[in-house]
Amino acid sequence: PSRVGPLQLLLLAGGVAAAVLDVCADGWALAGWARGGQSGRTALALALVVVASGIGQGCSWFWLRGDPPALRPALSPALLAAIHLLQLGFLFRCLYALKMGWQVCRSKAEEEEEHSRMAFLSHDISMLRLFETFLENTPQLTLLLYVVLRTNKAEPSQGLGICTSFLCVTWSLLDYHRSLRSFLHDKYKLSLGSSIVYFLWNLFLICPRILVVALFALLWPYGVAVHFPLVWLAMFLWVSLQGTDFMESPGPEQLYRAIVAVILYFSWFNVSPGRTLYRSIIYHSFILVDSALLAMSWFWCWLPSDDYSYLTPVVFAALPCYLLGLVLRVTYYKWLHPNMWAQQEAGFDDVDATERSYRLAFHSQLEPNLMNRRMQWLAQTQLPIFPPGGQRFLNGAAA
C-alpha cells in the first residue's frame, strides 16, 4: 500500500476537520430553517441526518465486530458500542487512524504490516464518508437546489454551498477510488491527469442527475416520494442479483445492498467482479432514460407565465453534460486507467501483469492477521484475476 507520509497525515487531519465542520454546517442549516418557520424542510433535512448517521454508525460497528484483532482499537466491545450509540463512531475512527498514522510517521516504520494496517483504516474511513455523502449530503444538496428553485432566489452563501457540495460529492468518489488502489502493491497508482479526468466524468454525470430530480420535485414535490422508492427498488434488486458478499452476515449484507442502491440512484457504483462494460451500458441507459423523462415532464408542465425561463438553457445543457461525462469515462478507462499502463510493461503480457498484481495483493499485502471477509471481497472484485485458461475479469468495487 501507499506509504504513510506527512502529506497523507495532513489529508487525514483535514478529513477529521471536514467531518466536524459538516456536523456544524448541518446544525446551522437546520437551525436557520427552523427559525424561518420551514418545519417541513427542517424535518426532512433532520430525518436525512439521523438516518444517514444511524446507518453509518451501524456499518462501522458491524465492521469492527468482524475485523481481526490486529485491526481493532484496544477498547472493550461495550465502550465501542457506546461510542457508536452516541453517533461518534466515524469521528472515533478518524481520530484513531490519525493517532496510528502519527505513530507510524514519527517512528518512520518500514514494516509492511504497519502500512497495510493504515491502508485498511483509511479505506474504512473513505467508504463511510462515501456512504454519508450519498445518504445525507447528496439528498440535502437536491433539497437545497429545490428550495432555491422554489423561492426563485439564492443567497450568495446558498450558491456557494451548492457549488461546493457538487465538488465534495464528486471528490468522495475519487477519494474512494484512490483508497481502493492503495491496496495494490505495484507502482501503477492514479496519476494527476487520471485523477482529474476521473473527477470530471463523475461531476458531469452527477450534476445533471441532481438537477432533473430537483426540477421534478419543483413540479410535484410528493412525486419524488414515489419516484425515488421505485428507482431504489429496481437498483436494490439489480444489486441483489449480482450476489454481493461484502458484510459478515445476511442481515448487514442487505443493509449494504440498500446503501448501494441509494448510491446508484445518483451515480454509478460497481459491486461485483467481471467485465463492467455491459452492466455500465445497462445502468447509464436506464439513468439517461429516467432523467430524460423527468426533464421532459418539467418541460411538458412548465407554463410560460412561470418565472423559470432562465432554466430552459440549463435543462437543455444537461444532456450534453451527461454525454460529455460518458465520453470522459470512456477516455479514462481506455487510455488513462492504471491497468492500461500495467499491460504495457515490458516483460509481461496482459495475463502475467494482472496475475502478478493478484499475487502481490494476497501474498505480500493481505497478511493473515490483517485479512477479513470485507477486504477479501474488495480485493477479489477490485483486482483483475486470470484463472489459468479462464475468462478475464476486470475492474471492481468502484471502478
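Heads up, the Cβ atoms here are built off N, Cα and C, so glycines get one too.
Note: TrEMBL annotation is automatic and uncurated.
If you check TrEMBL, you get these features:
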- 1-18: signal peptide (SIGNAL)
- 6-31: transmembrane segment (TRANSMEM)
- 43-64: transmembrane segment (TRANSMEM)
- 76-98: transmembrane segment (TRANSMEM)
- 159-176: transmembrane segment (TRANSMEM)
- 196-219: transmembrane segment (TRANSMEM)
- 226-243: transmembrane segment (TRANSMEM)
- 255-271: transmembrane segment (TRANSMEM)
- 283-302: transmembrane segment (TRANSMEM)
- 308-328: transmembrane segment (TRANSMEM)
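With a threshold of 8 Å between CB atoms, the same-chain residues lying at least 6 positions outside the transmembrane segment (76-98) that come near it are 9, 12-13, 15-16, 19-20, 53-54, 56-58, 60-61, 64-65, 118, 121-122, 124-125, 128-129, 132.
As a quick check, the transmembrane segment (308-328) and the transmembrane segment (196-219) clear the bar of 3 or more Cβ pairs under 8 A, pairs 6 or more apart, so the two touch. By the Cβ criterion (distance under 8 Å, sequence gap of 6 or more), the transmembrane segment (43-64) is not counted as touching the transmembrane segment (283-302), fewer than 3 such pairs being found.
Under 8 Å from some Cβ of the transmembrane segment (6-31) lie the Cβ atoms of residues 42, 45-46, 49, 90-91, 94-95, 97-98, 101-102, 105, 122, 125, 129, 136-137, 140, all in the same chain and six or more residues away from its ends.
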